[in-house]
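Working notes, beginning with the structure itself.
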């Protein structure tokens, strides 16, 4: 049953996810495409994690954080993709209240964690390029673990703020969520809580996360650019640029899409456009990150070649 009656109102116990389309043919096409993307995402990111773990030459802070970013990408994509694939195969796409809660928390947690990890990786590049003599001290194992734990705590706190905004919501009747997953904005639109909707915790925490992480990334790359421009060696400049290009690409893709969805005025784009961009940053970007970080990284390509050669000739 979708509703439970009590003395005061009708409580929703499940939601209907309207998804991306009602067209049966398009559903089959999207199912095939997104399934392929998800399989590439999982295999690509797990391969990245395994390669970093087994290759001693990749046991550096940058790759330590990259392996955790790959883990986050698997978790982030798995938050919505399996359920979305299952919904393509059924006529009525439903999700329980508990399932919606878990999806909301997981999406906020992994999304926030990705923000913090991207900022941490920018700081790591700043230390490596601008203060190379202090790198082993500034980015020691203890410091890396502290930064990682801080990122996870930040992700948990921001995700908890989403639950603080979600739990007080009252759903008096309509339970059709105009999205393919449980995001806070369409859930608030669906609620009958009126002007008392407690969206302040989620809004404040999310804004804080975005401002802080963007500030760290911007300051880090400003100093990196200044340092690179001061280099006299062309080879040194090219090496420094190649080190940062992949990370900057990942940052631009991720922050560009979340800015489109969460920062731009809602009147400037339609709900369907919102859904398409959401698919890009929750499904496509996790697939692209392993490619972005490996194609332009000679150390990763070299480690992969050595591991393959070892397997072939062993």
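Just so it is clear, glycine is given a Cβ too, placed from its N, Cα and C backbone atoms.
According to the topological domain annotation in Swiss-Prot, residue 50 and residue 303 sit on the same side of the membrane. For the ranges 82-102, 103-123, the feature annotated in Swiss-Prot as transmembrane segment maps to 103-123. Within the list 8, 45, the entry that Swiss-Prot describes as N-linked glycosylation site is 8. Here Swiss-Prot gives transmembrane segment for one range in the set 58-78, 163-183: that range is 58-78. Each of the disulfide-bonded residues 100, 192 was scored by other CB atoms within 10 A of its CB, and the lowest score goes to 192. Sorting each residue of the topological domain 'Cytoplasmic' (124-136) by its DSSP state yields 12 helix, 0 strand, 1 coil.
Of the Cβ pairs linking the transmembrane segment (29-49) with the transmembrane segment (275-295) and spaced 6 or more residues apart, 3 or more are under 8 Å, so the two regions touch. Proximity of the transmembrane segment (58-78) to the transmembrane segment (200-220) is not established, fewer than 3 Cβ-Cβ distances being under 8 Å for residue pairs spaced 6 or more apart.
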